[in-house]
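K.L.:
According to TrEMBL, the protein has these features:
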type     : residues                                  : note
BINDING  : 78, 79, 124, 237, 518, 519, 547, 558, 559 : FAD binding site
DISULFID : 453-510                                   : disulfide bond
DOMAIN   : 122-145                                   : domain 'Glucose-methanol-choline oxidoreductase N-terminal'
DOMAIN   : 283-297                                   : domain 'Glucose-methanol-choline oxidoreductase N-terminal'
SIGNAL   : 1-24                                      : signal peptide
């Protein structure tokens, strides 16, 4: 075990260091995007009412805004900045820096769930597509059926995304080894390159092009009508404004209140047309948080924070889920080529097997980092649950300087579970929109989730026995499973106390080494908070369209389906509104 200078160690840490974004090649100049304006400019713009105000320019919000702007005036409000010109967002080699950056202008905002799992939420135009690992795979057809979606329109909406920002990856040696190992371990058949959710082994799509350049949901704004679409950055919506004075009628949205980048308070309003709407697309953390801050939620929770009750709904913030991930760390003789998710094994046991490898070699990059995981941070298990916060983690890391040298070269095989069935909740900490709510996911609370995790780890064990990874290891030999489990206990970072039987009990290994892959969802479920058309139940003129409405994560990775959902619902809303307008015109002609 080698010793590393504390100062140097602190600088290279993935999750906790401070890094300024450097300028990269400007993809912005090659896209025909609408102007991306600072929120403070809104006070200098001639005020006008909008047909749609969309809160959140993320994975769902961008395609939704582009689609609705084809026919109507749309205001898109994003709390973060632009992804363009930022190498740490745009370049695959710098993937992990976004999650490490905790500066005020960072594209991500870290939080720790009460479970002790370190997590992050996007704070940038493009949302999660600007900071994720880029893997693109559609939902299982059964997911589409259970959601009650129009299959024909779904199959038109996916290609609309794919032809604009999705590519096929160049398979790296680590990903090829996983592919071959999966097949030999029985995760078959081989389905080749496919966007579809198919049992067996496949190579999926990616939003990184051949040059390793990221294409995000923000790129989809180029498909909008620039005359109708206004995009404001650093616009943090603090509450939805309702008209509650209509006797015997539902509260109706009339506008939003938001703060600009200077802290100035601004207001934006809808037109008086009955079809005008505010649509919240702020993600699984931001959407239920904004509903609560706007007076929609459990009465006790609202009263606790002195928020006036607009509508009592006990389900807001409930049913929060995060797909747990556990990984096996494989040390290698040489640093393998960097890869994020490219290959996936979709097993019949409710587990998905993926892999990541290497770390960036670029001058901008944090060295000694494995990309999707931050192995070098080591095991943070000594902090009591009530003291789990980002400041405590920083202090802990500053004192920690002993690391196994193996963590500086290697890769991971990842197991994450379908679903999941375990659920938790979200509650407010205070009334500041910039504060993270308190979130609990209750990982592995449901026994089926735990059994799926064990199945996934055992599948990885079978993969390692195929020896497809031995070319990467020292002396061309493999490692006994107990050895890699012991190393992986250190490599998986969370704030959960570890146990002495982590390498002998796979159930305990799953519980103690759980981390996130950022696929959390829930908090605004269909049938409880919103109806089948994603309209908030009990009020008029308000919808929620994003992953917060989902009961389970779609397919192996949600970004494809959440982007599709934005396009799909945009088309649905347009068709309904244009149909009503046409019907009204016909009716007027008949009565004239």
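Glycine is no exception: its Cβ is also placed from the backbone N, Cα and C atoms.
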K.L.:
Using DSSP, how many residues of the domain 'Glucose-methanol-choline oxidoreductase N-terminal' (122-145) fall into helix, strand and coil, respectively?
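P.N.:
Result for the domain 'Glucose-methanol-choline oxidoreductase N-terminal' (122-145), in helix, strand, coil order: 9 helix, 4 strand, 11 coil.
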K.L.:
Can you figure out which of 78, 124, 518, 559 (the binding-site residues) comes closest in space to residue 453 (disulfide bond), comparing Cα atoms?
P.N.:
518
K.L.:
State the count of C-beta atoms found within 10 angstroms of the C-beta of residue 518 (FAD binding site), not counting that atom itself.
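P.N.:
Taking all protein chains shown, residue 518 (FAD binding site) has 23 Cβ neighbours within 10 Å.
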K.L.:
Looking only at 78, 79, 124, 237, 518, 519, 547, 558, 559, which the record lists for FAD, tell me the maximum pairwise CA distance in angstrom.
P.N.:
25
K.L.:
Could you give the mean pLDDT over the domain 'Glucose-methanol-choline oxidoreductase N-terminal' (283-297), rounded to a whole number?
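P.N.:
Looking only at the domain 'Glucose-methanol-choline oxidoreductase N-terminal' (283-297), pLDDT averages out to 98.
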K.L.:
Taking the Cβ of residue 510 (disulfide bond) as the centre, count every other Cβ atom within 10 Å, in any protein chain shown.
P.N.:
24
K.L.:
Would you mind reading off the Cα separation of residue 78 (FAD binding site) from residue 510 (disulfide bond), to the nearest angstrom?
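P.N.:
That separation, Cα to Cα, works out to 36 Å.
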K.L.:
Just to be sure I understand the packing, how many Cβ atoms besides its own are within 10 Å of the Cβ of residue 78 (FAD binding site)?
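P.N.:
That number is 32.
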K.L.:
How many of the residues that make up the domain 'Glucose-methanol-choline oxidoreductase N-terminal' (283-297) does DSSP mark as helix, as strand and as coil?
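P.N.:
The counts are 11 helix, 2 strand, 2 coil.
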K.L.:
Measuring Cα to Cα, how many Å separate residue 518 (FAD binding site) from residue 510 (disulfide bond)?
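P.N.:
It is 17 Å, counting Cα to Cα.
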K.L.:
Between the Cα atoms of residue 124 (FAD binding site) and residue 510 (disulfide bond), what distance do you get, rounded to the nearest Å?
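P.N.:
If we compare the Cα positions of residue 124 (FAD binding site) and residue 510 (disulfide bond), the gap is 32 Å.
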K.L.:
Taking the Cβ of residue 559 (FAD binding site) as the reference point, list residues of the same chain whose Cβ is under 8 angstroms away and which are at least six residues distant in sequence.
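P.N.:
Expected: 59, 128, 129, 132, 135, 136, 207.
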